[in-house]
């Protein structure tokens, strides 16, 4: 055969389309795979590269890729081995619903040259859904007149699976009256009904309980059960009948309210009331059907009554009952299927899942706070959503999967600075115009116990008057914790310690919640002047944190101790002491002395003495020293004076109110010759008690000597230091009188104690005077810090300040420096810590205004017992260094102890009270001659009488 050029060209043009068609068929070949639903990640689907005829080595160079109109994340290809595998969970019911066929369509594309392959992956159904009835209990009403073989419709079960897995078989529990009627309708669904096998008798059995079981065709089989409650009614013979048993309607979701869905028509062969039909929803109808639809009872017209939403519900199954008005009424039934058509009307939806709320303030960076998922029910660009977060917050959004985000911690938190954050998540779709939605998330910062309770100051000073009532509130401590809730719940407790031999908790208690400090018992200034303790504040965190604060409680003195008499034979206020006084005693002579002590301090312990009643006549021969208690003569005694005098001495302190004690002194006037005998008898009477206290007095003497030696050494050292120190500015001048001010208050603030310099014109300034500034407060509790206050501040209370021109007498100055005074000042007020009074130093030498009296002691707080002096007609003899005084007082002892050795025949009187001068009386005795025996008997009789008066 010969081919011309024209024939060859025509044949080539015809061959080219054939080759292209063959290449397209080869390139567009289609593969089919199958995979069961719910397959695990990595499940093998098929060797797609091998099946497509592609070499493994050319997959990457040829840009092998896969696309799908469905979810692309369900399947994935391993480019290393060319295997198609399951990438994420596949739910057939979610992917295809009840469609008989379900497959995933993939497009495989490779370049160089471009080739497109179509792959269908069939998703096989597995039996993972059991049959479900719409309700757990169905009620069926059956008239007893119904004939056997009557069928009553039942609500069947539904199975979300397909194929044989969704083929249901029903089984009814055993009953002689009922059976199960199963029919297959046009869409191959089974319509079940309750078959009446035997006539019912309501009077015999008004109700029947049955169980209907649905079993699917899967392997293994799954079942569902519903309870049937059959009520037998007594009604007529014909029920209304619809034209068809099932109706189907389609309507858009944006249909207006009032739109007619369908108009039903039912007929009843009965006449009259039994043929009058009313329409209604079946009692088993879902609540959402009633919310969205309504039916006219007379016409059977169903209309829309609520907004329809395709995304919320796209299918409604409505069971309608047509009931006649017979007695009893009968009903016919039909089903209306309403399918909703979709419209694009949805905004993005945001779902927040809080995982770690609240967030601890010590959480690490990257801690996941919440999970956020977004969804848009629309499709295409309208369903693509992007999320953003409120700026300038310590959090950020991290995308994990498609439409899934994690809210994580991006920087450190501090609850004390910011306790909560209000976050706003914004989701915006890709539509035009764009629709967006926001969601708020409140992130609270959980507290961590990182702050200990703190007090406003590390130490508090509290002033409390003694004799407070038990349970008295004296102070309130308060601590602040910057944390919150339990971490800021502060409880208070007492830091236990010993106070002497007792526990601190026996004195003080602290309320655990309020921090109020209470005194559990009355405090006694004489027993405890300062109580220092700590209160602990501890929070309720884990672990708990705490801190302590120190409280210094000063117990202020009150006038709660009456003066106590120290006379040996005075048994209290009702006792009496007798004293013999010669008529020859001169004016101003001390004939007796009343001694008293007061356990209080300050003005409460400053004692004054006065006669009761006061002397009504200027010629009354006796008087008592206002502050010394010394009874002295006011004039020379004469024969006209009564031989016996009963003196009542009232001892009164300066407290408010003042407390008193009364001493009775019986003074008998005797002739000078009788005094030695009386004194001798008194000395013999006192010998017994003195002998009993010899051992005690020896130890007291040793103690007094030791204290005196220590005092002398201290004074010498102090003098040496003062002499070596340079002079300071503001030294006192010699021409200015010393002014010592005292304040008229009833109690003294010991926290305001300060040492004052007392100056005189005769020597260097004195630094041993303790002055106390008063703290005036109407309340029994005074609180505050010890701060400097002016000692010259005026006060209106009594007693008034002393006259600055007042001076001590020469005899008083001698008595102040005597050993008797030092002994009394040290012993009468000595406590566990030693003497608690400072000795006042006053340097002035002016004539005393009145013998036997002394003005108030200088410096508040000096016990009045320190102002005890011996008086005589002149200055008493001063003891030299290392010597002891003739007599000194031992508190509580029955007599004045004599230290100096006396001759055996000495007649010195050793009575309990200091009386007049004995030396003068002794001289008079030596000058007198012995009387006759009658005179001696007379004197003896007088002496006996005097002793009886005592």
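From the backbone N, Cα and C atoms, a Cβ is placed for every residue, glycine too.
Taken from Swiss-Prot, the feature topological domain 'Extracellular' covers 30-697, and the record attributes it to sequence analysis.
Marked as domain 'Cadherin 1' by Swiss-Prot: 34-133.
Positions annotated as domain 'Cadherin 2' by Swiss-Prot, on the basis of sequence analysis: 157-242.
The domain 'Cadherin 3' annotation in Swiss-Prot covers 243-350.
As annotated by Swiss-Prot, N-linked glycosylation site applies to 257 (among others). Of all Cβ atoms in the protein chains displayed, 12 besides its own lie within 10 Å of the Cβ of residue 257 (N-linked glycosylation site).
Among the features that Swiss-Prot reports, N-linked glycosylation site is placed at 265 (among others). Under DSSP, residue 265 (N-linked glycosylation site) is assigned to coil, being neither helix nor strand in the three-state scheme.
What Swiss-Prot records for 351-455 is domain 'Cadherin 4', and it gives sequence analysis as the kind of evidence.
Reduced to three states, the DSSP call for residue 386 (N-linked glycosylation site) is strand. Counting Cβ atoms from all protein chains shown, residue 386 (N-linked glycosylation site) has 15 others lying within 10 Å of its own Cβ. Sequence annotations record features per position, and here Swiss-Prot assigns N-linked glycosylation site to 386 (among others) based on sequence analysis.
Marked as domain 'Cadherin 5' by Swiss-Prot: 456-565. For the domain 'Cadherin 5' (456-565), the model gives a mean pLDDT of 93.
Sequence annotations record features per position, and here Swiss-Prot assigns N-linked glycosylation site to 548 (among others). Applying an 8 A CB threshold to same-chain residues 6+ apart, the list for residue 548 (N-linked glycosylation site) reads 495, 534, 535, 536, 537.
Here Swiss-Prot flags 581-678 as domain 'Cadherin 6'.
The feature transmembrane segment is assigned by Swiss-Prot to 698-718, with sequence analysis given as support.
Residues or ranges marked as region '4 X 4 AA repeats of P-X-X-P' in Swiss-Prot: 799-894.
Swiss-Prot lists 799-802 with the feature repeat 'PXXP 1'.
Taken from Swiss-Prot, the feature region 'Disordered' applies to 830-889 (among others).
For 891-894, the entry in Swiss-Prot reads repeat 'PXXP 4'.
All protein chains included, residue 265 (N-linked glycosylation site) registers 11 other Cβ atoms within 10 Å of its own Cβ. Taking CA atoms as the reference points, residue 386 (N-linked glycosylation site) and residue 257 (N-linked glycosylation site) are 35 Å apart.
Three or more CB pairs closer than 8 A are found between the domain 'Cadherin 2' (157-242) and the domain 'Cadherin 1' (34-133), so contact between the two stretches is assigned (pairs 6 or more residues apart). In this structure, residue 548 (N-linked glycosylation site) is part of a beta strand by DSSP. Residue counts of the domain 'Cadherin 4' (351-455) by helix, strand and coil are 4 helix, 55 strand, 46 coil (DSSP-based).
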